[in-house]
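Reviewing the structure listed below.
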Ligand code: FDA
């Protein structure tokens, strides 16, 4: 628990971030990040596709504070969509609304999303809005509802650690959702704190979304949850085409391939870009064993 809080603290610490960034992804991050450029990300996606895995790419970066940065981020998303189409890879786009100016101005963020979704629709690509910390939840869902009045090719992620997740799932019936446990440090007022409570609520929302006929992306590295979902879908007669599993790039690759072998869809979340610090620290917070990645990186320098 202390380790988790420590890495979540580091993930938000700009002073340490500035220094750590100088080391570059060399100190371990490169095993979970697919390079710095769109081209590198496309090469990674191609090699995943060759193994039967599909992907979603995420240009790393969060908490943009100026209009110019937000517009640059949106243009970069459009460039990424064009690369997905040019390379003819099987790949979605994942993004964060704070990257597109949610904290600067809601209208700016909406306009950026409209531009991205228009291009994505033209190219037949699905766009997933990642879920950030609790302070952005209402604004994210509110914007999603507005965007869905114009586009079908957009969905978001719902965090099972939140008390309100079950209600949010009900309100989002019919929407393609990624369901996750949740990666941020939230207070006991809004989120379950004990692992077994998080797991129980997580499974509950997965089953609820599947049972109401909605497309469900189950994003977890937890083999017990995956086994439960497989058993549940068989019992309920839910088709394999109504759901997919998702894992992060560089994690549990044997299990990813096994799931494909068993005939299920497995989507790998492929982060890329120079702004890798917050992402990497959150991964260390979730699973301190991931620190072996970092140590291996350091020792091989
Ligand atoms: P968890 O970390 O709870 O582990 C449970 C058990 O699984 C462990 O005890 C161990 O037995 C096994 N296990 C887990 N990792 C393992 C490993 N690497 N090797 C071997 N065994 C392992 N969060 C968020 O807030 N917003 C978002 O938008 C997203 N998006 C997202 C996309 C994708 C594709 C994924 C996979 C995850 C996210 N997340 C996220 C992160 C998510 O909320 C969560 O923090 C992490 O996935 C960690 O929780 P898990 O469910 O993977 O298992």
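Including glycine, each Cβ sits where the backbone N, Cα and C put it.
All TrEMBL annotations are machine predictions without curation.
Taken from TrEMBL, the feature substrate binding site covers 96, 282, 283. Residue 96 (substrate binding site) falls outside any helix or strand according to DSSP and counts as coil.
Around the Cβ of residue 131 (FAD binding site), a 10 Å sphere holds 24 further Cβ atoms from the protein chains shown. According to TrEMBL, the feature FAD binding site maps to 131, 159, 181, 182, 183, 220, 221.
According to TrEMBL, the domain 'Proline dehydrogenase' annotation covers 41-290.
Here the Cβ of residue 181 (FAD binding site) has 19 other Cβ atoms within 10 Å, regardless of which shown protein chain they belong to. Of all the binding-site residues listed (96, 282), 96 sits in the most crowded Cβ setting, with the most other Cβ atoms within 10 Å. Listed in sequence order, the binding-site residues near residue 282 (substrate binding site) (C-alpha within 10 Å of its C-alpha) are 183, out of 131, 159, 183, 220, 221. Within the set of binding-site residues 96, 131, 183, 221, 282, 131, 183, 221 have a CB atom less than 6 Å from some atom of ligand 1. Around residue 221 (FAD binding site), the same-chain residues at least 6 positions away in sequence with a Cβ under 8 Å from its Cβ are 247, 248, 251, 252, 255.
Comparing residue 220 (FAD binding site) with residue 283 (substrate binding site), their Cα atoms are 13 Å apart once rounded.
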